[in-house]
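Structure, as structure tokens:
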Amino acid sequence: MHHQHGLFMLALLAFLLVMTVLGTDTGKKDKQEKKVKKSDCGDWQWSVCVPTSGDCGLGTREGTRSGKECKQTIKTQKCKIPCNWKKQFGAECKYQFQEWGDCDPETGLKTRNGNLKRALHNAECQKTVTLSKPCGKVTKPKLQESKKKKKEGKNKEKLLD
């Protein structure tokens, strides 16, 4: 009786071992097939960011890709256009700008150049761009100084209270 019970346990153990090995192999095959399907998909191509309202702030962009076995070929992504972007260059084109040049007395303008730093989402960008602005006195530092004085005055008032 013990001999039959031992053989039964041995057979059961062998069966479980075979099933475990077979289960592992089929799992690997499934994973490899999934990898093949993923590699069949093309790269995502993204449209420009379209603001929800106005010409800056939160918006969306649409992405597309090709491939026979791709489950998802179109998707929408949230994006943001900074409100201080240079509209004529596009939100996806980021430039490194030089310092402003001297004022041209004939045109009344000063200029500076920018070199392309980064093109986001496969955007087509100009390699170099030029900005111009009217010459004039810079009043912003004076405004900042007056704001500091106001803050100092408020702080003194708080200390007196």
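The backbone N, Cα and C atoms fix where each Cβ goes, and this holds for glycine too.
Per Swiss-Prot, the feature signal peptide maps to 1-23; the stated evidence is sequence analysis.
Here Swiss-Prot flags Cys41-Cys70 (among others) as disulfide bond.
According to Swiss-Prot, the disulfide bond annotation covers Cys49-Cys79 (among others), on the basis of similarity to another entry. All protein chains considered, the CB of Cys49 (disulfide bond) has 21 other CB atoms within 10 Å.
Cys56 (disulfide bond) falls outside any helix or strand according to DSSP and counts as coil. Summarising the annotation, Swiss-Prot assigns disulfide bond to Cys56-Cys83 (among others) and lists similarity to another entry as the type of evidence.
Marked as region 'Chondroitin sulfate binding' by Swiss-Prot on the basis of similarity to another entry: 86-93 (among others).
According to Swiss-Prot, the feature disulfide bond maps to Cys93-Cys125 (among others), an assignment based on similarity to another entry. Under DSSP, Cys93 (disulfide bond) is assigned to a strand (E or B) in the three-state scheme.
Residues near Cys103 (disulfide bond) in space but far in sequence (CB under 8 A, at least 6 apart, same chain), listed by position: Leu109, Lys110, Cys135. Residues or ranges marked as disulfide bond by Swiss-Prot: Cys103-Cys135 (among others).
Per Swiss-Prot, the feature region 'Chondroitin sulfate binding' maps to 117-125 (among others). Residues 45-46, 48, 61, 89-96 of the same chain sit 6 or more residues outside the region 'Chondroitin sulfate binding' (117-125) yet have a Cβ under 8 Å from a Cβ within it.
If you look up Swiss-Prot, you'll see 136-161 marked as region 'Disordered'.
The region 'Chondroitin sulfate A binding' annotation in Swiss-Prot covers 141-161.
Note: the CA-CA distance between Cys41 (disulfide bond) and Cys93 (disulfide bond) rounds to 27 Å. By neighbour count, meaning other C-beta atoms within 10 Å, the densest spot among the disulfide-bonded residues Cys41, Cys70, Cys83, Cys93, Cys125 is Cys93.
In the region 'Chondroitin sulfate binding' (117-125), the DSSP tally of helix, strand and coil residues is 3 helix, 3 strand, 3 coil. Here the disulfide-bonded residues are Cys56, Cys79, Cys135, and the one with the most other Cβ atoms within 10 Å of its Cβ is Cys79. Mapped onto three states, the DSSP output places Cys103 (disulfide bond) in coil.
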